[in-house]
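Everything below concerns the one structure shown next.
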């Protein structure tokens with residue numbers, strides 16, 4: 001298998017459909033057109049033609065589109081054949097094309113990979129293609145499209161350019177010490193570095209929201225049996241997703257619901273009631289509950305308001321609070337306010353949000369929805385946002401750390417070489433986002449998650 005091979009793949013989903021598309025990219029795309037169509041279509045014009053087998057019989061008829069390189073998606077010669085979407089028809093046409101030497105089925109994401117390697121897209125834009133396809137909400141789709149159009153890349157490239165200018169001054173001072181280039185006399189370098197740090201912080205904030213749009217927030221509902229966890233899951237989901245009874249321990253396994261709150265994806269997880277297990281099945285369910293809690297972005301600590309007047313979670317169940325991972329955000333949810341007569345709404349206790357509601361009637365659930373949205377800093381009015389992946393957040397975080405260390409060198413003992421190295425490492429971290437500095441292993445992991453025809 002060679003990267004210089006001509007590749008072919010179905011660009012439409014498998015199965016029956018009104019239209020099926022085969023995409024071909026590479027040096028042999030011209031030969032495919034001449035062999036299957038009998039001619040080379042006019043560039044960038046739709047041509048209605050028969051698709052012929054080796055013996056001249058017609059396999060199908062449809063639209064052919066010819067995009068000669070470098071003016072194509074991949075930067076190579078590209079041919080698209082749009083025929084009927086029957087699996088048998090597409091399979092016959094694919095087999096016909098593969099009889100031509102040096103053609104092979106494309107690897108997942110190989111079309112996008114070639115576009116990246118041929119400088120048609122940077123890495124963040126290429127990833128945005130997969131994110132646009134996988135978008136689970138309107139806002140996620142719009143943000144993915146912004147990334148595809150270069151919104152995220154432009155912000156990163158601006159930071160890289162600013163760091164380039166800073167590095168020029170710093171390294172000039174190191175290489176030409178006799179020229180008396182003074183960094184500290186007028187404070188310009190410190191001011192420029194502070195500007196870069198501030199810009200990076202703004203990008204990080206937007207990237208965190210973009211990651212939330214893409215990944216979603218994992219919220220685990222936990223508490224003792226019969227506290228109303230499954231009722232709350234149903235109230236948030238807006239449907240009967242979980243069985244609700246008065247029998248303690250009804251929920252034995254983990255239940256998952258994917259919902260959206262004003263465009264924000266949430267993964268709501270209902271767990272088995274936490275207590276001493278009465279049998280092996282319940283024990284396994286409780287173990288799984290703790291596994292989910294340890295991986296959560298937030299825990300909703302469900303409390304049956306009819307069993308205690310306490311509101312501090314450390315007082316209600318100190319053993320549970322002690323076992324939670326450090327820094328895991330907790331929201332205390334006092335349920336059954338319709339029975340206790342408590343005032344609905346949100347307050348704070350010992351640094352934790354406290355919400356009083358009735359999962360059975362739905363009263364107060366909207367307060368919880370707003371709290372979940374606000375707790376992640378989600379802004380539904382954000383314009384021009386972009387999607388971000390975990391690797392982007394890691395790269396931005398590492399760049400921020402290097403800039404802070406570089407600032408310490410500038411304001412401290414003035415170790416010029418160390419400052420220059422911190423700036424270089426920060427620039428390298430940022431360049432990993434767009435692919436200017438990227439390992440082959442990372443490229444393989446990214447593009448292997450794409451669709452075959454992308």
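First residue shown is number 1, and so on along the chain.
Every residue gets a Cβ built from N, Cα and C, even glycine.
Annotated features in Swiss-Prot:
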| type | residues | note |
| --- | --- | --- |
| BINDING | 23, 80, 120, 454 | (6S)-5-formyl-5,6,7,8-tetrahydrofolate binding site |
| BINDING | 226-231, 245-251, 270-273, 335-338, 358-360 | GTP binding site |
| BINDING | 226, 245, 247, 250 | K(+) binding site |
| BINDING | 230, 251 | Mg(2+) binding site |
| DOMAIN | 216-377 | domain 'TrmE-type G' |
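Averaged over the domain 'TrmE-type G' (216-377), the predicted model has a pLDDT of 82.
Counting neighbouring Cβ atoms within 10 Å of each of the binding-site residues (23, 120, 229, 336), the lowest count belongs to 120. If you take the Cα of residue 120 ((6S)-5-formyl-5,6,7,8-tetrahydrofolate binding site) and the Cα of residue 358 (GTP binding site), they are about 54 angstrom apart, rounded to a whole number. Taking the Cα atom of each, residue 229 (GTP binding site) and residue 80 ((6S)-5-formyl-5,6,7,8-tetrahydrofolate binding site) are about 52 angstrom apart. Each residue contributes its Cα atom, and for residue 80 ((6S)-5-formyl-5,6,7,8-tetrahydrofolate binding site) and residue 230 (Mg(2+) binding site) those atoms are 50 Å apart. Neighbour counts of Cβ atoms within 10 Å were taken for the binding-site residues 226, 230, 358; the minimum is at 226.
Between residue 336 (GTP binding site) and residue 23 ((6S)-5-formyl-5,6,7,8-tetrahydrofolate binding site), the C-alpha separation comes to 58 Å.
Within 10 Å of the C-beta atom of residue 80 ((6S)-5-formyl-5,6,7,8-tetrahydrofolate binding site) sit 21 other C-beta atoms, taking all shown protein chains into account. Annotation note: residue 23 ((6S)-5-formyl-5,6,7,8-tetrahydrofolate binding site) sits in a strand segment as assigned by DSSP. Of the recorded residues, residue 358 (GTP binding site) and residue 23 ((6S)-5-formyl-5,6,7,8-tetrahydrofolate binding site) place their C-alpha atoms 55 Å from one another. The distance from the Cα of residue 226 (GTP binding site) to the Cα of residue 23 ((6S)-5-formyl-5,6,7,8-tetrahydrofolate binding site) comes to 56 Å. Distance between Cα atoms for residue 230 (Mg(2+) binding site) and residue 23 ((6S)-5-formyl-5,6,7,8-tetrahydrofolate binding site): 47 Å, as a whole number.
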